[in-house]
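> Handing you a structure now.
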Amino acid sequence: MDLVLRVADYYFFTPYVYPATWPEDDIFRQAISLLIVTNVGAYILYFFCATLSYYFVFDHALMKHPQFLKNQVRREIKFTVQALPWISILTVALFLLEIRGYSKLHDDLGEFPYGLFELVVSIISFLFFTDMFIYWIHRGLHHRLVYKRLHKPHHIWKIPTPFASHAFHPIDGFLQSLPYHIYPFIFPLHKVVYLSLYILVNIWTISIHDGDFRVPQILQPFINGSAHHTDHHMFFDYNYGQYFTLWDRIGGSFKNPSSFEGKGPLSYVKEMTEGKRSSHSGNGCKNEKLFNGEFTKTE
């Protein structure tokens with residue numbers, strides 16, 4: 001993140017915002033700058049990517065599903081806009097430690113004895129490390145002692161759109177992002193790779209809420225895509241993984257996506273449109289939700 005801060009200082013903060021007497025490496029100035037940069041970056045990334053996904057990827061037929069809430073898109077956006085600043089405050093504390101030199105982030109490929117190969121290995125390691133810890137954090141957030149207060153707001157959206165991707169309780173959002181920030185404190189990682197992965201991870205988070213259930217058949221058993229995550233929203237206690245199905249299989253929480261079996265929400269909408277199913281005006285009761293004509297436990 002110091003690469004971003006350096007650019008922001010050079011082009012904006014130093015010439016236009018802060019007095020010349022306030023050094024760029026002052027910890028309080030860095031904290032303020034990081035808070036601004038993180039919030040602005042988060043909003044730009046969220047609105048740009050989620051909007052593109054909503055208009056060009058998301059299947060709007062899903063909005064006809066009886067579990068799709070009234071004014072849902074507006075509510076998802078409002079929830080996210082209110083949550084992101086609080087998530088950023090917690091995140092900035094870790095960014096500050098990183099730019100103050102407490103992590104193993106570096107900008108010299110020479111620090112990798114095996115060059116590009118080791119760089120690729122670090123990326124793969126990052127993905128598997130974060131996927132493992134996010135699985136257990138996410139699963140822990142479904143525990144009855146914390147679910148209602150922290151994670152339930154994200155499960156309001158049974159048929160999520162890309163705008164639901166970051167609609168978290170701030171503590172929930174921060175906890176699920178924590179493995180990304182912990183990794184470079186344990187393992188060496190190139191700064192550009194770290195920043196790139198941070199952006200890509202946020203785009204991936206949007207993509208698994210986009211309602212596009214297509215995955216190359218050869219990858220379906222391994223990749224935790226939108227079909228898997230939509231079933232997680234619908235069925236509650238399956239498919240906690242972020243990128244891969246590995247830990248769901250190990251933890252006994254893997255569920256083959258209903259969409260792959262022709263029983264997903266799009267199939268439901270199609271049957272409803274053809275008159276084979278009736279449309280329900282409500283969205284279920286307090287503890288149960290309608291899915292594919294049956295009630296399924298959600299909490």
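Glycine is treated like the rest: Cβ placed from N, Cα and C.
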> Of 228-233, 252-257, which range does Swiss-Prot call motif 'Histidine box-3'?
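Swiss-Prot lists motif 'Histidine box-3' for residues 228-233.
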> Counting only residues 6+ apart in the same chain, whose Cβ is under 8 Å from the Cβ of SER253 (phosphoserine)?
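Long-range Cβ contacts: ARG139, ASP237, TYR238, ASN239, TYR240.
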> DSSP-wise, what's the residue breakdown of the motif 'Histidine box-1' (138-143) into helix, strand and coil?
3 helix, 0 strand, 3 coil
> Looking at 79-99, 117-137, 186-206, which one has the highest count of Cβ pairs under 8 angstroms to the transmembrane segment (32-52)?
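The stretch with the most contacts is 79-99.
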> Grab the pLDDT values for the motif 'Histidine box-1' (138-143) and give me their mean, rounded.
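Taking every residue in the motif 'Histidine box-1' (138-143) and averaging pLDDT yields 96.
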> Please indicate, using numbers and ranges, the residues of the same chain that are 6 or more beyond the transmembrane segment (117-137) and have a C-beta under 8 Å from a C-beta there.
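Sequence-distant neighbours of the transmembrane segment (117-137): 109, 175-176, 178-180, 182-183, 187-190, 193, 197, 201, 240-244, 246-248, 251.
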> Same chain, outside the transmembrane segment (79-99) by at least 6, Cβ under 8 Å from its Cβ: which residues?
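Residues packing against the transmembrane segment (79-99) from afar: 1-2, 5, 27, 30-31, 34-35, 38-39, 42-43, 46, 105, 153, 163, 165-171, 173-174, 177, 181, 184-185.
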